[in-house]
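A.B. asks: Take a look at this one; I'll ask things after.
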Amino acid sequence: MNVDKGGGAILGRSETQECIYYNANWEKDKTNRSGIEPCYGDKDKRRHCFATWKNISGSIEIVKQGCWLDDINCYDRNDCIEKKDSPEVFFCCCEGNMCNERFFYFPEMEVTQPTSNPVTPKPPLFNTLLYSLVPIMGIAVIVLFSFWMYRHHKLAYPPVLVPTQDPGPPPPSPLMGLKPLQLLEIKARGRFGCVWKAQLLNEYVAVKIFPIQDKQSWQNEYEIYSLPGMKHDNILQFIGAEKRGSSIDVDLWLITAFHEKVGPGLGLAWGSLTDFLKANVVSWNELCHIAQTMARGLAYLHEDIPGLKDGHKPAISHRDIKSKNVLLKNNLTACIADFGLALKFEAGKSAGDTHGQVGTRRYMAPEVLEGAINFQRDAFLRIDMYAMGLVLWELASRCTAADGEERSLWEHPGLDRAWGTLGSWEVPQLRAGVALDGQGIPSNPNHAGILPMADIPNIAIFSSPFPKGPVDEYMLPFEEEIGQHPSLEDMQEVVVHKKKRPVLRECWQKHSGMAMLCETIEECWDHDAEARLSAGCVEERIIQMQKLTNIITTEDIVTVVTMVTNVDFPPKESSL
């Protein structure tokens, strides 16, 4: 197939400076539809042109053309040629100015060359030996290879990670043929592989790449994502799974949604709750939103839900809850990720009795550290809740509510959240246009003791709800007690024998919401597993905490001290 979208192509040049540009989605992307695109890049890297198109019943439909980044598969190609057999979306790349103006489809075909040498008939004895020995040798090779693979697999995985049944290779991924999927940069490295930021046509995705020896984790995560009902706002969106490469050189890809946020003016990027808390403090309302959506996601994961449209969703234990596995969307909504160790509980099937000490040591519950796990479903869910208590502690340690923070108190349509200063005191300022009664008081009874600052020339505002106190630098749970790299023995000594937990600061107790949160945290990481809260209960508590701390009275907000005698303040009894 030869596709020509114009004439005068400039081919055969080693350096690519310009490419034909075309975007079928130009209206949606708000770009030009077609033209010539100059190619920019580092001097030490090569530049290419590319083209993607579809063949719909013999009609060629161009998807996109333009410049392409340094790609070894495009080196020294003067013509833009797709060679793969019958892809859904055709893709080719080349080198040379506007070499993508013409693009071609020539599938590779194996051609058997005829031979002129006559075939010498083999004697019957030779044929007999050949037919007898070859199968025997083949079986011997298979047995030896299987034994080697078994030994390699046994050393690579503890018994806990061996599945009761092999889910087999995944069905064709939704991404098959949707090119180009281009890896851009490594964002993280973990126990089972690395996570790349990648580009799939016009959107960014996350690609988690597992080496072949970690196939079990890839299969387990793929199986969990493929269960009915796993599309949820607080669970990381799954896009597809693929095998890349051939024979022994195979990488296993898991493609999910990509979440990244850039801090204003800082150039910082984060995807996980850990990275976010390292770079930022959180307000009380932000803490509540993150904690509530995280609890909602875990509650949904733990829930057994029959009768869904796509089938029965079993209860699932995550088994590696930690702030690194909680990702944040742009609006700080939490979603739970990384299901490599997750365990599903299906009706009538045993969870097995070979579950050892899996997960991240720092977040291991006492019963896991002791090796005294009850292999029932609820026991595994309570292990998740212990770890969730530690994540809530991380949020609390970076919350400004215990630092005299007032933002959550002034979230009302009639009040501006900006703060001015009068002398050395903080002064909230009313937004223009607030309805006032005859005495100059906001008409909303919830704010009946607050006076417009323009009418009070000399006042001092004493902020009364919470005392000032510093927000701690971000630390991992138990980092203060045993450092950044605790051994299993360190964790057993601190958590099991001494029954210690991360410190709940005294100043946190002086904020009503933080005090309730501390109580919830303690009930999550209780040494007695059966006394721990469920994820659904934590979600409901956080909702109630936020509601209670947003019920404001004048006495809770400010104490007004007059410096003049010509202002009449409303009586204290007028407050709610």
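Positions of Cβ are set from backbone N, Cα and C atoms, glycine also.
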A.B. asks: According to the record in TrEMBL, which candidate from CYS93, CYS94 pairs with CYS99 in a disulphide?
C.D. replies: CYS94
A.B. asks: Going by TrEMBL, which one of CYS19, CYS74, CYS80 is joined to CYS49 by a disulfide bond?
C.D. replies: CYS19
A.B. asks: So among CYS19, CYS49, CYS99, LYS208, ASP320, all listed as recorded positions, which is physically nearest to CYS92 (disulfide bond)? Use the C-alpha atoms.
C.D. replies: CYS49
A.B. asks: Across the domain 'Protein kinase' (181-548), what does the mean pLDDT come to, as a whole number?
C.D. replies: 79
A.B. asks: If you draw a 10 Å sphere around the Cβ of CYS99 (disulfide bond), how many other Cβ atoms fall inside it, taking every protein chain shown into account?
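C.D. replies: Within a 10 Å radius of the Cβ of CYS99 (disulfide bond) lie 29 other Cβ atoms.
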A.B. asks: Near CYS19 (disulfide bond), which residues of its chain come within a Cβ-Cβ distance under 8 Å, counting only those 6 or more away in sequence?
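C.D. replies: Within the chain, CYS19 (disulfide bond) has Cβ neighbours under 8 Å at ILE36, GLU37, CYS39, CYS49, PHE50, GLN65, GLY66, CYS67, TRP68, ASN97, MET98, CYS99, ASN100.
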A.B. asks: What is the number of other Cβ atoms found within 10 Å of the Cβ of CYS49 (disulfide bond)?
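C.D. replies: Step by step: centre on the Cβ of CYS49 (disulfide bond), count other Cβ atoms within 10 Å, giving 29.
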A.B. asks: Just to confirm: which same-chain residues, 6+ apart in sequence, have a Cβ under 8 Å from the Cβ of CYS94 (disulfide bond)?
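C.D. replies: Listed in sequence order: HIS48, CYS49, PHE50, CYS74, ARG77, ASN78, ASP79, CYS80, ILE81, ASN100.
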A.B. asks: With every protein chain in view, how many other Cβ atoms are within 10 Å of the Cβ of ASP320 (active site, proton acceptor)?
C.D. replies: 22
A.B. asks: Relative to the Cβ position of CYS80 (disulfide bond), how many further Cβ atoms are located within 10 Å?
C.D. replies: 29
